[in-house]
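Asks: Below are the structure tokens for one structure; questions will follow.
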Amino acid sequence: MSDNESDGPTKQSTEPVDNAWSLKIPTFKAEDNPHGLVEESSFATLFPKYREKYLKEVWPLVQQCVAEHHLKAELDLVEGSMVVKTTRKTWDPYIIIKSRDMIKLMARSVPFEQAKRVLQDDIGCDIIKIGNLVHKKEKFVKRRQRLIGPNGATLKSIELLTDCYVLVQGNTVSALGPYKGLQQVRDIVLETMNNVHPIYNIKALMIKRELMKDPKLANEDWSRFLPKFKNKNISKRKQPKNKKPKKEYTPFPPAQPESKIDKQLATGEYFLNKEQKQAKKQQERSVKQAEAAKKQDERRNKDFVPPTEDAPSQSRKRPAETSKVDVDALKAKLMKANKKNRS
């Protein structure tokens with residue numbers, strides 16, 4: 001690989017690099033591979049029926065785009081497949097892999113205007129399969145919708161923070177953008193399908209973006225600034241109201257329950273004749289009737305039992321001093337009232 005003269009010579013350094021993402025990838029030129037490719041390579045991918053109309057409309061643009069890199073593209077509407085091939089003029093050995101990714105993205109409903117960006121050197125793609133991460137369909141639909149958010153707000157915020165184009169389609173999530181952003185998108189998608197809300201990862205990315213602006217914190221640990229969320233999911237399994245104690249294990253089988261004949265043998269009723277059995281039943285019946293009559297009499301006589309009265313308390317009696325009346329004061333009061341009436 002070599003650079004243009006305008007780019008200047010590359011510095012070959014063996015020293016460790018602090019930020020590998022900041023390194024500029026040298027561009028691959030036609031002069032680096034003057035002999036071209038030895039063999040023809042081709043990749044094909046199938047597309048669903050509902051993409052046929054769109055692909056038919058944009059296919060001339062696809063052919064024009066790959067022709068700039070000396071590739072050939074074919075669309076088979078009968079088989080439902082897209083094919084990209086190298087030609088004798090193709091000099092970039094990796095461009096066929098990039099074009100394969102482009103047709104894969106287009107098959108996953110990514111528009112051509114976005115899919116053609118993957119042909120650039122600093123742009124990659126990632127198709128994340130999420131269909132087998134959740135067993136129940138209801139949970140899968142709910143978590144996939146959580147990734148999109150209301151009116152696509154969550155998906156838009158992920159795109160802004162990672163500088164990637166993200167599309168949720170069926171059982172896959174297609175991401176297109178710089179390689180660092182693709183790692184972040186994959187982490188967010190996988191954690192969302194594992195029941196971690198994407199807003200937590202979005203908040204962490206926003207904090208990291210602000211911390212990057214401060215050069216003093218470049219070599220420090222950022223974990224103290226990032227929010228820590230605890231899982232508050234409580235087991236929703238209902239416990240039984242009355243728990244039965246577990247019986248002690250015994251190697252012997254349980255005892256056979258007593259039959260009616262066994263009970264009669266234990267009480268001696270089995271050996272009684274018919275008349276004796278009837279006499280015994282009559283005796284038991286008369287005992288029960290006597291007990292019921294006794295309870296009924298007690299219930300009837302309950303209304304005629306006089307209630308218990310409390311003894312008169314001594315505190316209610318007024319002392320002898322309070323019963324005395326001042327006669328002189330009463331006479332004076334009456335005379336005063338008579339004078340007022342006369343006047």
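Indices start at 1 and increase along the chain as displayed.
Placed from the backbone N, Cα and C atoms, the Cβ positions cover glycine too.
For 272-341, the entry in Swiss-Prot reads coiled coil, with the evidence type sequence analysis. Among the features that Swiss-Prot reports, compositional bias 'Basic residues' is placed at 230-246, 333-343. The annotation compositional bias 'Basic and acidic residues' is assigned in Swiss-Prot to 272-303, 318-331. The domain 'KH' annotation in Swiss-Prot covers 126-194. The region 'Disordered' annotation in Swiss-Prot covers 230-343.
Context for these features, please: burial, neighbours, distances.
Replies: When DSSP labels each residue, the compositional bias 'Basic and acidic residues' (272-303) comes out as 30 helix, 0 strand, 2 coil, counted as helix, strand and coil in that order.
Per-residue confidence over the domain 'KH' (126-194) averages out at a pLDDT of 93.
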Asks: Which sequence-distant residues neighbour the compositional bias 'Basic and acidic residues' (272-303)? Criterion: at least 6 residues beyond either end, Cβ under 8 Å.
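Replies: Distal contacts: none.
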Asks: Of the residues in the compositional bias 'Basic residues' (333-343), how many are helix, strand and coil by DSSP?
Replies: 10 helix, 0 strand, 1 coil
Asks: From the DSSP assignment alone, can you count helix, strand and coil residues within the domain 'KH' (126-194)?
Replies: 40 helix, 15 strand, 14 coil
